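Residues or ranges marked as substrate binding site in TrEMBL: C:Ser63, C:Asn114, C:Glu159, C:Asn166, C:Tyr190, C:Tyr242, C:Val260.
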4 protein chains.
Amino acid sequence: MISQNCLHDALSYGKCFTGLGRPADYIPELARVNKHQLGVCIVSLDGEILKEGAYDRPFTIQSISKLVSLILALHDRGGEYLFQDKVGVEPTGDPFNSIIKLETRTRPFNPFINAGAITVASCIEGKDTEERFGRFLTYIRHLCNNDEIYLNENVYLSEKSTGDRNRALAYYLKASGILEGDVEECLDFYFRMCSVDVTALDIANLSAVLANHGTNPFTGENLIEPSCAKALRALMLTCGMYDGSGRFAMKVGFPAKSGVGGGIAAVVVDRMGIGVYGPALDEKGNSIGGIKILEYLAKKLDCSLF
Amino acid sequence: MISQNCLHDALSYGKCFTGLGRPADYIPELARVNKHQLGVCIVSLDGEILKEGAYDRPFTIQSISKLVSLILALHDRGGEYLFQDKVGVEPTGDPFNSIIKLETRTRPFNPFINAGAITVASCIEGKDTEERFGRFLTYIRHLCNNDEIYLNENVYLSEKSTGDRNRALAYYLKASGILEGDVEECLDFYFRMCSVDVTALDIANLSAVLANHGTNPFTGENLIEPSCAKALRALMLTCGMYDGSGRFAMKVGFPAKSGVGGGIAAVVVDRMGIGVYGPALDEKGNSIGGIKILEYLAKKLDCSLF
Amino acid sequence: MISQNCLHDALSYGKCFTGLGRPADYIPELARVNKHQLGVCIVSLDGEILKEGAYDRPFTIQSISKLVSLILALHDRGGEYLFQDKVGVEPTGDPFNSIIKLETRTRPFNPFINAGAITVASCIEGKDTEERFGRFLTYIRHLCNNDEIYLNENVYLSEKSTGDRNRALAYYLKASGILEGDVEECLDFYFRMCSVDVTALDIANLSAVLANHGTNPFTGENLIEPSCAKALRALMLTCGMYDGSGRFAMKVGFPAKSGVGGGIAAVVVDRMGIGVYGPALDEKGNSIGGIKILEYLAKKLDCSLF
Amino acid sequence: MISQNCLHDALSYGKCFTGLGRPADYIPELARVNKHQLGVCIVSLDGEILKEGAYDRPFTIQSISKLVSLILALHDRGGEYLFQDKVGVEPTGDPFNSIIKLETRTRPFNPFINAGAITVASCIEGKDTEERFGRFLTYIRHLCNNDEIYLNENVYLSEKSTGDRNRALAYYLKASGILEGDVEECLDFYFRMCSVDVTALDIANLSAVLANHGTNPFTGENLIEPSCAKALRALMLTCGMYDGSGRFAMKVGFPAKSGVGGGIAAVVVDRMGIGVYGPALDEKGNSIGGIKILEYLAKKLDCSLF
């Protein structure tokens, strides 16, 4: 399907661009990483795993966790309710942490901007944050085939203590009747889910499940409803790369979700899941080297949807 | 200067309009008042006091407290710092609780919209909320010539428990580096200062001090720096009636500050302070009967600035 | 591949929804159509043509013409220049005729909102409007396999006389240095290209060329650069259905471009082009029956990209 | 009332600041002036005229003409209609040429931002632009006591050929049903009225009429309805200095209207009219030296309203 050489070349190509970006700097834990790190991992649906570079380097999952929380919320509430009453499914031209449209439109535009993801987080069931986060952790371990996925306590505490912009979004949503339950509990869950440590390998496994219509390609266990996996792939394509999703669709052309920790989860349906890690970000908040690797692979493997 | 008859007529005129408005309804304490109440009180600088209607009916001061907190903050920090680094002095066409411009301009437009008033509140010195609110209470009692001004505990608790829109503003300001200190402490102070019970007479006394260049007309005690009183009068004229300030300047024409509790503090410089109370509000959040009383008086007393 | 029966059922299904929408009403020519009309046509890449309902009913192409003008502009100027300097490729959460983001971001977000399409129109070469529109007409006739495609003179004149919102966009773009050349000439071309009469069959033929990587499936003639056809398919998916593109991607899942005349051009890559016509629009400006037909076909033919 | 020495000192003070600003540069005619020019003229209501510096240097009136056109439109249509249906009387925090709020609020916020002034211009009666501009010219000559006021043909042609941002506003207003009549004719009038040459002396005369409740202090002729003069003074205070009106009210404190040609018309009611000219503008578009002169005079003459 794809040779180790090809993956090696993809990584080398990506490395040419890491100097042009910079790591997220809103918390010291993210700011002090080596921005030239780059890793990639491919999990094909026939069980082959290919890896290159810093594929096993842990990083915080950040916004990629929004995939997992959305699946949980869709399971708990159903798409009918969630996408009608709580959050839209439309891309927005605004940055991921923008608050402006909440004043004019009430409902967040989609589940991948922060306002939408916080809303979704408030819809996950559980008697308290502990229980909700426990469900999240159990679930993501299944999706990533890795029982060793844990919270990065330092990042979590940093996120929590500096997360005032997200707090503003959450209280605004509460005031508008969108966010359910207690705001600080919801935010506590949100900051935790963003602060889980993963590797490119973990992310590739998660993506492979999405590529395989929700079924773990190794165990055959169904982890996501096929229709839900399909909805997620569509959302990832239109909204997954923040306000750079349009360009990514044109240049790469398959569903992906990025996080400011430097990860990108990418899905080649019926073929493979790809995980990349590169903490140097472009001005939209997407991994600059990661995008270049995916561009390279999309061309070599001819796997753009377009 | 002005006869009791004239004031009586002003009140009667105002009463014709109370049916067109409605009380603030975001907390039950405000919603359940009799909207036809109307009162007015004039304190002239030569010490005469005229009163009509529900002039001694207590109501929560709400945004009129922004005058008092601004004076305290100007005293503690100076106008140079406050109006340069923290808050502008420009009217904005947006509603008083709007968050939109914070994303594009950072600094709140003026100290009378909620975002600006919360910022100002965070600049008042004191080792804790207790001390800050103690200073506020002592000071407003001096300004209003009334030692019996207290917190309305029920309104305070209601404001605090429903104040998520203000919380959103505060956390947004914190995230932008505008708001100083602890957000929840600042909000606690803010909710308290808005929940103080006053009467139209109290408000008239406060306004008389502003009309008298900062000096209490009865005691001769200087309570506000003259330059500060002048700055406040200018700000009241351009920004004091929310996004209805332009029309108020044209129709009435002197400095005023309204609150959603139904009060308006109005200043006829070198002549008198006026306090009105009427909880039926127009769509901008200003007392509808109160504005009509002031319109009537402005004409009768020929005291528009224009 | 697909039976006539299946297409018949799709049409019947779509007919259930036409009552919920209404035709565009900004000009009388559009307002007075029978809103229950519905037609569909499929052109498969092996040359089969299936049609149902009002497939040969002429309607004005409106925004579907933006595909054609974009191809011409990309040919004349190249994607490097066009997508860098003139127009973005990102979806925007705003309505198709919004002007707000032009003040904060200068460049239109994408070529399918009106501001972007007017910009693109200004980049098509030709010594005057006549020549530019001549090129457009010749080209669309090739794409649609139909030499009988003409301007609808009445609609054109109506569009021109009522097009003040588009005029505002164009002059704003001119003032910002985005729009090239003469504004009124550009608008004249824009109004003409939107006022060309086509049928669902024409649109299906055009879509089949996009599905076939730019090559006419009947003649084998290459009409669009394959890379350009690919870019268009990506853009159609993220931005083609106005601010309803996200939901369409989730529910239907292939590239499409709608027009307020009631048409939708839809592309199932490597398989077929689909043209639908149904003038009853939803609140986003998309054919309500047309979307339902495409939803039905996407499910039956299993041709979502996701 | 005021000595020549005092005025001389005011000018000297203002000169310290001209280096900090720069002339409007959107047309060459404005850009190429000597930015250190500064002049001031005072016309007191008892007929005294004091002048200093470049008081007789012609400059284009620009936005100060909005006073004159507003008086004409109020005369032709009445305030009831104009301020209800066509244009608001509220300050806006946006720049004078902003288009954003037209999309969310329809009616321009006030008659002194460009959108509002263009709307007002469309309400002036006259069978064609010639007649309307003839009325304007006759009227402004009366207001300025100067029969030699003419159109600056070069500036007019430049304004007309580069006025695409204003064209965008006008077509947007037409599309929203706000602007009356033919757009290009309205703009032609608007560009002409902005391109009239005046001096600081002319502007001082005009301001003196406003200070004198509408009556020419020399001839005793009533030129403006007193209630209209009053409405204008209120509007000038809240909206006359663009989005710098709040600061101007606080620092200077009387009604004024500026233009990007460098002029400011300032009104000290019952006392005097002041005209200043200084083409170096601050970032809001107001004469930087002119504001300083007015600040100086407000303090020396103790003529702030606050």
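Yeah, the Cβs are placed from backbone N, Cα and C, and that goes for glycine too.
Annotations in TrEMBL come from automatic prediction, not curation.
When each of the binding-site residues C:Tyr190, C:Tyr242 is scored by how many other Cβ atoms sit within 10 Å of its Cβ, C:Tyr242 comes out lowest. In the three-state DSSP assignment, the secondary structure recorded for C:Val260 (substrate binding site) is coil. In the three-state DSSP assignment, the secondary structure recorded for C:Ser63 (substrate binding site) is helix. Farthest C-alpha pair in the substrate-binding residues C:Ser63, C:Asn114, C:Glu159, C:Asn166, C:Tyr190, C:Tyr242, C:Val260: 20 Å apart. Around C:Asn114 (substrate binding site), the same-chain residues at least 6 positions away in sequence with a Cβ under 8 Å from its Cβ are C:Phe96, C:Asn97, C:Arg165, C:Asn166, C:Leu169. The most densely surrounded of the binding-site residues C:Ser63, C:Asn166 is C:Ser63 (count of other Cβ atoms within 10 A of its Cβ).
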